[in-house]
Ligand SMILES: *[C@@H]1O[C@H](CO)[C@@H](O)[C@H](O)[C@H]1NC(C)=O
């Protein structure tokens, strides 16, 4: 199985299982032999070789993690379809409609959502997204081709569609662009490293990992480097000023997740935590007065680590949901 196929298969599996509300053990096993570096290498080679755009048919439930051109053609009435799009955390996604042949009057639709939404839970949450929820849906049946290209505000987006008439459908292309200051993102891989920087902006940013993980925060800077915003660690967070919180829970929406730890003073050196939840989020709340920065590494918890909680961990909180 090629690595990119493996990744897609893995993601579709997650969402099929999430839709059915089942547990994630199967997917835990699937993820272990996926190597993100192979995927990156394949991407790079394709670009260097100037190969033509990747093209394939879109399924009614699909996961797209590579740029390319995708075509959906209904072979029967398909009423509940969704495609999950994901890029690297440092990328925006642009969806461009090449061709659309659907019957809006007849009840078909084609909508882009700026983020992911699953079982009513949104990522980014409405507290973290720059746009109000209604503006995050772009309905082809309202705007037509006047909004032919739609850019997401982060590395994930979704397409919802319904096509009644066999033979009808649409074609779109996906492109990615660099995002210099990624704020909200979902990790494509169960392990990795990320630095979240919020430069003098009044915004909240969530980095989401859709796996149970061990997370190691190696560096946190809140406020000016010269200590103008020095806080006394023993005073606690007290709900004021800028801070980082670790959240865990079974769903996608950070605003519905359980706060597991608050970090509100700068430090260097690793602080490690095991989080046995389906989803883990590192969220930074920024007032805009400072340059805030947090660096962390994460790796997926092995099934045996989930079964034998021990030591310095707070994973018990989520074990009941696994
Ligand atoms: C960020 O989140 C905090 C609390 O989590 C909230 O009080 C604040 O209004 C949010 N800021 C923005 C810009 O949405």
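Each residue, glycine too, has its Cβ placed from N, Cα and C.
Source: prediction; values computed, not measured.
Features of the protein shown, as given by TrEMBL:
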type	residues	note
SIGNAL	1-21	signal peptide
DOMAIN	53-177	domain 'Corticotropin-releasing factor binding protein N-terminal'
DISULFID	60-81	disulfide bond
DISULFID	104-141	disulfide bond
DISULFID	183-205	disulfide bond
DOMAIN	186-307	domain 'Corticotropin-releasing factor binding protein C-terminal'
DISULFID	237-264	disulfide bond
DISULFID	277-318	disulfide bond
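Counted within 10 Å of its Cβ, the other Cβ atoms near residue 318 (disulfide bond) come to 23, all protein chains included. Set side by side, the disulfide-bonded residues 141, 183, 205 differ in how many other CB atoms lie within 10 angstroms of their CB, and the most is found at 205. The shortest Cα-Cα distance from residue 183 (disulfide bond) to any of the disulfide-bonded residues (81, 104, 141, 264, 277) is found for 264. The local packing around residue 81 (disulfide bond), expressed as other Cβ atoms within 10 Å of its Cβ over all shown chains, amounts to 19. If you take the C-beta of residue 60 (disulfide bond) and look for same-chain residues 6 or more apart in sequence within under 8 angstroms, you find 72, 78, 80, 81. Note on the domain 'Corticotropin-releasing factor binding protein N-terminal' (53-177): DSSP counts are 12 helix, 67 strand, 46 coil. For the pair residue 264 (disulfide bond) and residue 104 (disulfide bond), the Cα-Cα distance reads 50 Å. A mean pLDDT of 86 is what the model gives for the domain 'Corticotropin-releasing factor binding protein C-terminal' (186-307).
Note on residue 277 (disulfide bond): other Cβ atoms within 10 Å of its Cβ, all shown chains, come to 27. In this structure, residue 205 (disulfide bond) is part of a beta strand by DSSP. Looking only at Cα atoms, residue 205 (disulfide bond) sits nearest to 277 among the disulfide-bonded residues 104, 141, 277, 318. Residue pair residue 104 (disulfide bond) / residue 277 (disulfide bond) shows a Cα separation of 41 Å.
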